[in-house]
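As annotated by Swiss-Prot, active site applies to LYS18, ASP146, with the evidence given as sequence analysis. Swiss-Prot lists PRO104, ILE105, ALA106, SER107, GLY108, ILE109, GLY110, GLY111, GLY112, SER113, SER114 with the feature ATP binding site.
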Amino acid sequence: MTAFQNAGPSITRLAPAKINLALHVTGRRDDGYHLLDMLVVFADQGDRIHIEKAGSDSFTVSGPFASGIPAGRGNLVLKARDALRQHGGPDLSPVAIHLEKNLPIASGIGGGSSDAAATLLALNTLWQLDLDFEMLAAIGLSLGADLPMCLHGAAHGTPLIARGIGEELNDVSGIAALPMLLVNDGTALATPDVFRALTRRENAPLPPPACEGTDALCAYLRETRNDLLPAAISLAPQIEPKLALLRAKGALYARMSGSGATCFAIFSDKSALTRAAKEIADENPGWFAVPSHSFPSRA
């Protein structure tokens, strides 16, 4: 029996990669959380969460990045399960959760948070709790600052601007589905380490978005920043040549996502994306080099 065969009522959800097209650090709160302005899209590539009712709780992991996943209660997937069960009551059925781990760990594309968000959505349906997005987002925020963002991504997939510590969400119009290459050479960067390496925490916020069409979006991105990039490069200098490689392969725009070290590159069309992905994969065996498309803005 494979991990995705059903023995009873079950749900499978995509936990999409979260791509920070731009990330401005605008301050820091007294409790240590940084204030951020972020333009975020979600990719059609990601992890998958499969949950079914069972006789007892269980958690299993498969996939190319399964080996680095903690199986105990420290895992965000299990924290999400337990938080929702605490909210819904002790009579909720046991569940078997399977995580197909396709995204690199500690790579700046929201893998663990997206897994937890997909778990909240799947269990909300499986347990018939009927909690609205705001309630699920509040539960998610108790687990991590980027859970509300990732919950939006798993539920809707549409681009957004996130502010505050990541909990203030607003839709962005005009962003098309972007042919996008995600690349990681195996470098893992812990988000707290990158934030600790910041030398400047008071920066200008994002300018008003101007994203109608891919060319306009790329022009807009050139006016924005990833304020975590210098800190990430100080910890992992290999990020810089990776960005140069993506630009040399014909990317319209390339940048590091989030706290790194995954980089993204936007291409003009699917054929340019496919060609670049193949060349990079052939030249760099063992790299995570995955072609994808982001989900577009609401029509």
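Glycine too: its Cβ is placed from the backbone N, Cα and C atoms.
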If I take the alpha carbons of LYS18 (active site) and GLY112 (ATP binding site), what is the distance between them in whole Å?
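It is 10 Å, counting Cα to Cα.
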Across all protein chains in the structure, which of the binding-site residues GLY110, GLY112 has the highest Cβ count within 10 Å?
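For the binding-site residues GLY110, GLY112, the Cβ with the most other Cβ atoms within 10 Å is GLY110.
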Could you find out if DSSP has LYS18 (active site) as helix, strand or coil?
strand
List the Cα distance (Å, whole number) between GLY112 (ATP binding site) and ASP146 (active site).
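For GLY112 (ATP binding site) versus ASP146 (active site), the Cα atoms are 10 Å apart.
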Can you give me the same-chain residues 6 or more apart in sequence from GLY108 (ATP binding site) with a CB-CB distance under 8 Å?
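When sequence neighbours closer than 6 are ignored, GLY108 (ATP binding site) has ASN20, LEU189, THR191, MET256, SER257, GLY258, SER259, GLY260, ALA261, THR262 within Cβ distance under 8 Å.
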Quick one: pull the CA-CA distance for PRO104 (ATP binding site) versus ASP146 (active site), whole Å only.
17
Which residues, same chain and not among PRO104, ILE105, ALA106, SER107, GLY108, ILE109, GLY110, GLY111, GLY112, SER113, SER114, have a CB within 8 angstroms of the centroid of the CB atoms at the recorded ATP site?
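Nearby residues not in the site list: ALA17, LYS18, LEU103, THR262.
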